[in-house]
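A short write-up of the structure that comes next.
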């Protein structure tokens, strides 16, 4: 009991730890919901090149996760810890690159390269923040219950971060009416894309100035929040080296550790399940703004619909934390993620109705909350299971977390690139007030049929995941016994050394 009392985290520590998760979600949500429509309708990047930017940025983001995990594993401990210096030094550069993503350069050529460079730069820098922050879960306490509690705090703040990202970006940008070009005549022509491009070039570009300024104001506000959250994390959380250690003080090399991690069955099964879940929600996130604007016809309401989803998700995080504690994490996965299916179907089957869309948005937010909370709540269980099988091998926390993020980001990049490219093939009209029927059909597939199929596949994979509540309790008891044995051995060695001296 005394050991558990020493391992308990104060509410203040949990809150400071949780606040550190907000920057990644605020910026990620703003980019996820708005970057596609910004590139297409504000920066006026061709849909083909926009798909390249989104694909390359996401894939590069995925590649940087294991790279950063590798360098973290080679980082020596300092008086600030091993993870905190990464968070500290990446923050200012991340904010600069984020702001430049939302800036439209006054250059006739090289615009695509501008967005590609700064999008990739920001993804690299935010990875240098988020990978060590994710691994910090294992360094704040050795008690599983305390880590689960801190994770619940973190998920609540992270979903609140998605609300802030959606609200700040959506409400600031939504107050400005982005001009569109009504051209139903061109939709019937085989060379409609060429004709629309010529019309865009002759249209007064000054009409977009207010919209572009609004995007930069939103980027400035979000950058300020990024700095504030990073400071709270750095000043309010102490990284504990002893929290992740059992016996050995010599870590296994990165590549040996990677081989061990990738051969750990529960980890592979867990990330496979959440891989398809993440794909489903990434497709929904990336295409929902276009779906609301063109397919449903809510051009001036889409930012409020997105906000309803995120508010609903934030308010239901505590419910899912109670649910997984009461009924188990695997049950929470089945109930929480599958609950999105009927609403994803309803939003495309029912006629366009604003009230029905808001109801569907609130209901979908409940499932989004489960998808946010459960992966980060279940990953520490896999790490604990790994430690029991390899008690002399330590220092692999960053590998577990970074490669989970790597797989989800890589596949999300592929899916977003393909989805944007499919809109180009369907005949997407840049800055059009409406879109051809093929584009609307494609958007329906991207926000309903494909995500539903991916969710069903993920639920089948979760059946193979072996760590249920009984297994988790046994692992907790075994880890506690290992630590007590390690502590007893250390005390005996100290006593023997004292007697010799």
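Heads up, the Cβ atoms here are built off N, Cα and C, so glycines get one too.
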Which range of 182-205, 398-421 is transmembrane segment, per TrEMBL: 398-421
Listed range which TrEMBL flags as transmembrane segment, given the options 304-324, 472-492: 304-324
Leading stretch by Cβ pairs under 8 Å, where the reference is the transmembrane segment (15-35) and the options are 116-140, 304-324, 331-349, 355-377, 441-465: 116-140
Stretch contact, the transmembrane segment (355-377) with the transmembrane segment (304-324), Cβ-Cβ under 8 Å, 3+ pairs: yes
Region pair the transmembrane segment (441-465) / the transmembrane segment (267-284), three or more CB pairs under 8 Å: yes
